[in-house]
Amino acid sequence: MSRVEDLWERLVRAALRGRRAGGDLYGRPETGLATNVPSSLGNRNIDDILRAADEIQDDDPNVSRILCEHAYSLSQNLDPNSEGRGVLQFKTGLMSVIKQKLAKREGGGIDRSQDIARLREFYKLYRETNNVDKLREEEIKLRESGVFSGNLGELERKTVKRKRVLATLKVLGNVLEQLSKDVSPEEAERLIPEELKRVMESDAAMTEDLIPYNIIPLDGPNITNPIVSFPEVRAAASSLKYFRGLPKLPATFSVPASRSLDIFDFLQYTFGFQKDNISNQREDVVHLLANEQSRLRILEELEPILDEAAVQKVFLKSLDNYIKWCNYLGILPVWSNLDAVSKEKKLLFISLYFLIWGEAANVRFLPECLCYIFHHMARELEEILREQVAQPADSCVSESGVSFIDQVIRPLYDVICAEAGNNNNGAAPHSAWRNYDDFNEYFWSLHCFELSWPWRKSSIFFLKPTPRSKNFLKSSGGKRCGKTSFVEHRTFLHLYHSFHRLWIFLAMMFQGLTLIAFNNGQLNTKTMREILSVGPTYFVMKFFKSVLDIIMMYGAYSTSRRLAVTRVFLRFLSYSLASVVICFLYARALEEQSNANNNSITYKLYVIIISSYAGAKFFLSFLQHIPACHRLSDRGDSWRLVRFMKWMHQIRPLVGPTRLIVNIPVTRYSWHDFVSKNNHNAMTVASLWTPVVAIYLLDIHIFYTVISAVWGFLLGARDRLGEIRSLDAVHQLFEKFPAAFMNNLHVPLPNRDSLHSSSQSLEKNKIDAARFAPFWNEIIKNLREEDYISNLEMELLQMPKNSGSLQLVQWPLFLLASKLFLAKDIAVENKDSQEELWDRISRDDYMKYAVEECFYSVKFILTAILDDEGNNEGKKWVERIYEDIQGSIANGCIHVDFRLNKLPLVIQKVTALLGILKKDHTPELETGAVKAILDLYDVMRHDILSINMRDNYETWNMLSKARTEGRLFQKLKWPQDAELKAQVGRLYSLLTIKDSAANVPKNLEARRRLEFFTNSLFMEMPEAKPVREMLSFCVFTPYYSEIVLYRMSDLLKKNEDGISTLFYLQKIYPDEWKNFLARIGRDENASESELSDNPNHILELRFWASYRGQTLARTVRGMMYYRKALMLQAYLERMSAGDVEAGITGKDSTDVQGFELSPEARAQADLKFTYVVTCQIYGKQREEQKPEAADIALLMQRNEALRVAFIDVVETLKDGKVHSEYFSKLVKADINGKDKEVYSIKLPGNPKLGEGKPENQNHAVVFTRGNAMQTIDMNQDNYFEEALKMRNLLEEFHCDHGLRPPTILGVREHVFTGSVSSLASFMSNQEASFVTLGQRVLSNPLKVRMHYGHPDVFDRVFHITRGGISKSSRIINISEDIFSGFNSTLRQGNVTHHEYIQVGKGRDVGLNQIAVFEGKVAGGNGEQVLSRDVYRLGQLFDFFRMMSFYFTTVGYYFCTMLTVLTVYAFLYGRVYLALSGVGESIQDIADVLGNTALSAALNAQFLFQIGVFTAVPMILGFILEQGFLRAVVSFVTMQFQLCTVFFTFSLGTRTHYFGRTILHGGARYQATGRGFVVQHIKFTENYRLYARSHFVKGMEICLLLIVYLAYGYNEGGALAYILLTVSSWFLAGSWLFAPYLFNPSGFEWQKTVEDFRDWTNWLLYRGGIGVKGGESWEAWWDEELSHIRTFSGRVMETILSLRFFIFQYGIVYKLDVQGTDTSLTVYGFSWIVLAVLIILFKVFTFSQKISVNFQLLLRFIQGVSFLFALAGIVVAVAITNLTIADIFACILAFLPTGWGILCIACAWKPVMKKVGLWKSIRSIARLYDAAMGILIFIPIALCSWFPFVSTFQTRLMYNQAFSRGLEISLILAGNNPNTGI
């Protein structure tokens, strides 16, 4: 035991001390005991004390012990009984450390006075050692003296050191003061003299900037953060100060000494808001006001005052929803006259609203409830101001004090929580409990004022529901408050209810076209009279809609507005009456027509009524939509014409066959007919028309798909997308990039546009290039840091500064590389005139630029190094040579005056000289340089020049004499200037790089990014504002428990093939791996094991791998590029304005070295950009010391602007029960390498009442800042070059986008996971098509774009005042993102889409991940069908916008399901014709079954089914952005990779989950993992995932096709059968085998054998309590049935299962044994046979447990039964007409019947259990699954037998590099793929 204690103490001591300078081998920062302080202690001082103890442990262990003892005393006082979670362990660990320290003391007990004295002396020593008095002075001097970029890092280090020292001193002083209270006052006075107290107070005053703050340090003056010196910030902060109209607060109310009283203090005292909520919202309001002010004008006064206009804008924006709420209810706002409200009172109202919102917790989802609260609290505030007496508001006062959260929010939270708890984790019907929308919509009527103020808690609104019964067939009973306005009943009828206008239109159009077709296309009087029958159709369908209104509102009548209920019933009555009247009139008119009365008054009256109604409807619709939708109406007219033509093509050919069938008297049926007698063969007609009607309903979606793709293509072409789609285009257009950059991404420069002359044009181009260069170079630098390019490529791609004295634009070397040598060859070989020579060179612009730059650079360099005082021969020589050259050029005789064939010799000498000059100066090198210049002189003098030197005899004679005397060029001015050194190095590269750089960069991702960025420079975008004037924004990322950073163990872990994730990444990204090794200084062939000697390299390796996965680290790095871009832009803007920072003037305005360390640039970026990651369970992860917590802390340390929000759960014991309190906290990194708590806001309870992700966002949204908010998921990435465009994008909020300003800015996405595998490529291309071309059309012109993905930018204030950026009600809002788009549109917002900026996005890469994701989305769409949002949009949109909305949301999934149902309708129709015998009875078989309409319909369905129509947008997107040829290659490649199989399989996934969700519910959020799929998926896992969604349906289709093949009549024979059914066979094959086609190593024999063994074990394992579906078939089967919970669901399942009984009914009449008998006896006898088979099955599967005592008897019975059954079959074959074919036919008949019985039994599971049949049902179900598994497994096993199939599959799934790597790995593993590693 003592050894255990010793180990424990050693562990705790190690944890306490920690190694501050490093971390463990894998880069995780080591944590001290301070990080393990339980949150339940709720005291920040303990954490600070232990950190200080850790800090001074090495300096004085005794003082460290004193601090630890004090920390223990504090924890003991806070929780004496150690009831909080983790407190006991913490105290135990801390006490063991203290004991260990005491054991080392020299004798005696603890003397407190001695401890105080020791602490006092250490305080003095620590101050002296760290020179505290000079720390601040040095920092201020360094800051004020002007810090050059070289030592900005020194300033950073001094600041960090000062903060660390002062933080430790503050702790020492506080502990010293606390300890002195334990002794007598006299003793305390002696131990701590007054002088020391003054020193301690002075030191404490210096720590004001150590007070935790988020962005702006408002609680204390902070001279080290420049943000507080910005005039707009000072003005905003001062505007909140206490003003004259506020009553004086009592003296007992304390505020920090570092600031004065303000509005927020008054509101805190009045309403009892939490302290941290006050601090948080104070900063939020100041931030908003400061940024609004900066957009108006920059304040230049000494005491800046906020403009009234800035306050007005924030006021109207923040309270806009409140004002609209008041107007809607017809009540006056708090103010009667807005113009009379003073600026101070507006600020008071703004502050009050934000404080209410900031502490509202889950009530933030109820925006109108917040309006109600604000309305009453503002009235209370007005009353207090009127009385001029500061007092707590009555609404927030309780016995325990003043608390807003307890008195106002908690009652609301409690009832919301009770209702949420009653939904049984989403399993209860939506109609049975109130969701967030129900609570909020209660405040949409004046009834809400019955709640009074303070809350009248006896109101039915606050009534908590009775807990529900677990049996959903029973009502829970009890009194409850009903739903509000809308009830989400689970039924497909919602599709009609929400979009009834569409269905009425389709029905009437179909009816009209059919009538025209039946009248042979003649539009005569008779035809028109019949067409007018659409009138009754219209009114009957409207009547049906009114009936649905009444049904759908059931459950909400008690809480709905009387007006709304009255309107529903009036609509019902009006349409009831109208339907009766119209139907009567039309029937009467037809009756009169039959009496040959052509002058029917009834008919005329009918026509008048119909015409009047239609005219009035159209006129009103026209008036309502002026001027917004006239263009849509025009477009809609053309749509009707197109649809008319297409539908006529389908309907008309059916007319003749239909008439024929109706008139044929079929007297002979193959079976006993029930339904087809005397009804004109209605079933036959139905089987013929049903597929065509289904395709008719699909046609409009097909039409939309094609037209939207074409329109999106044209829009993209108009927007100039894809103009730069290759590296060659980048090369050719590069010289235009600087001007385009200046026009779009740079702030406008004064006088730039006035430069028009030729000389000014050169100046303008040089200015543009100089401004463009730092941004371009930073982009290239970031590409290198991301390892996309090598060091050489970086050198070639970087652009010179262009700020030097050369009078030309210098371009990057990758444009000029090898151009000089080509020009040299042209010059050497030239035999023509000078003009022709220059013309040949000038044909290539960059060759011309290379020659010009070389020419002027040589002159510049030689002049600079030879320009020495007292020796000007060298300078004269250079001037003479260049004057002669320029003179020859002017005379056009350079080829005469100079021997151009000797140019290679000149280049050789110049290169030699530059090679010496680029090195650091030494005497030897200077000698070599002199020799090189002399060689160059000799070459020029003797080999090159052929001019007459007599014209300049004196100069040449002087040079010749100096050369002879040996003094020519003897003194050189070695290059020291940075510009000159850069020019020397550049010219040397230009003269030595002989290889073409046409393929630089080689990396495809680097190319893609540069191509898109440069292309976007020419796209239309708003003008960029200076950083100081731009809109501020926040990036917001929700995180739960996904991968933050890959651990080495994860990267090195190998699967059964020996493939590790790191190996996989190295093969997928080989060039990036080499670049990474070069970046960290390793050999490119180094292995990962060689990096283990350097922890930093291991950490870099982890980041390298994580940046290639879908990790939080990748997302954080990408989003922090925003800050980096803003810092660069702010830095350069200040430089270009001539502002002096750190001694740099406008002359060096493009020098960006060290811009990231500029305090002002960082402050400006922080004011405009914040990043909050809401890590919901970070607190729990931290307490449990999970690696994710350490990795998140590491990210905070590496990114100082990163903020992490999380929910902290504090558990305490009260009265023997565990009591949990919840806090929403925000932390940031601190100087000690830990996280520092900034805000901690108490919540009324567990915030997770609805869906997890939106609740996670909601708790943390209070910590966001700015005017805009970009929602980013943690599978996304960003790029530096795209971040440069963010300020342009934000200006879209102020651009004209129609009637309403934008509220959501859609952003283009690039899916970066496309290179992982073929599946990832399919998903990537499909997604790319939707997020670019698709959303382009949705935004313009359709105006129905919602919020589909996470990179969209929200108008933050608009959305936080209207319920937030997502909805959170359980299950119904499972697709939470799109509901924010619905909400924004319904609240008169506007959603746009912009494609000049893009954000990276990861997608699922494995089939199972993709299927789970698509199932989640399809289920989410199923829930959307039921939602009130979709209903309201369907009702409020105009007709064409409604159709667009329908077919791009839920209608897409319904049409997908309809595609599959068409296959079923066709096949079941064919089976009916085959089994009933009608097909053979009809004489004109070809006209009926071979009609063109059916063929056309089936062809369209087939093309849609296999994804051809859905691929049209993808193909056009390829053509637009890749070019036609590459698009064709990409598409053909996808076909070879079986993309059609994948899309067909996805069709089944979407159909299954969409339909099942609407019928039964069961939609849920599923984490897909998003990892790298390099692991073989077992057969069992695939079977479990797809058995019910795909395999069963695939088997059913196969069965239908086999029955049709066996019994169908087809005149065309086998070919006709194949042509008619090929699409159905393809569908079935895709559904059955796609999971195994796309399974890594899916056809490897060894794995196939193991899969079969694993599958049989799973199938036969009985399971039990706690066993999961992955372990046992029985457990999985129960899980698969869990979605059938309601009575209506059971009935629907039963009805759907009846289709399986048609097989037995039809086939038994086709048996040879029955002859021509069609009586029911035959069918009855078949059931006897089936019963016998079931009995035999039970005999052979009798439970072994029950039969253990009579095993012998059981076996005897089984044997006898088998013999009797065999004998019976033999006898039947021998003595009756029974044939072997009949036996197989019986199997074909009984299999579906058994499955139908099984499905019905499963639907009524509770009944089956009661009657004791459940075990038998389960045995039969296991048999069916075994049979289905075997049928699927056999083809897989056969393919696995041939090795080439596995090789082909690997090539099909992965790119070539990985395929090679995989094969090599198998060879190295000894050809044993299953070696356990």
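Residue 1 is the first one shown; counting continues down the chain.
Every residue, even glycine, has its Cβ placed from backbone N, Cα and C.
Of the given residue ranges 323-340, 341-358, 1115-1132, 1691-1708, TrEMBL assigns the label transmembrane segment to 1691-1708.
Listed by sequence, the residues of this chain that lie at least six past the ends of the transmembrane segment (1445-1467) yet keep a Cβ under 8 A from its Cβ atoms are 495, 499, 502, 690-691, 694-695, 697-698, 700-701, 704, 1334, 1338, 1342, 1344, 1346, 1378, 1418, 1421-1422, 1424-1425, 1430, 1433-1434, 1437, 1498, 1501, 1504-1505, 1547-1548, 1550-1551, 1554-1555, 1593, 1597, 1600-1601, 1604, 1623-1624, 1627. In terms of DSSP helix, strand and coil, the domain '1,3-beta-glucan synthase component FKS1-like' (344-456) has 80 helix, 4 strand, 29 coil. Taking Cβ pairs closer than 8 Å, the transmembrane segment (1823-1844) reaches residues 1579, 1583, 1587, 1591-1592, 1595, 1632-1633, 1636, 1642-1645, 1647-1648, 1652, 1655, 1659, 1673, 1677, 1737, 1741, 1794-1795, 1798 in its own chain, all 6 or more past its ends. 499-518 is the stretch from 499-518, 569-589, 1591-1609, 1615-1638, 1781-1803 with the greatest number of Cβ pairs below 8 Å to the transmembrane segment (691-715). Below 8 angstroms of C-beta separation, residues 1460, 1463-1464, 1467-1468, 1470-1471, 1473-1475, 1479-1480, 1485, 1489, 1548, 1552, 1583, 1617, 1621, 1624-1625, 1627-1629, 1631-1632, 1703, 1706-1707, 1710, 1785, 1788, 1791-1792, 1828, 1831-1832 of the same chain, each at least six residues beyond the ends of the transmembrane segment (1591-1609), sit close to that stretch. With a cut-off of 8 Å on Cβ pairs spaced 6 or more residues apart, the transmembrane segment (1691-1708) and the transmembrane segment (1615-1638) reach fewer than 3 such pairs and are scored as not touching.
Across the domain '1,3-beta-glucan synthase component FKS1-like' (344-456), mean pLDDT in this model comes to 91.
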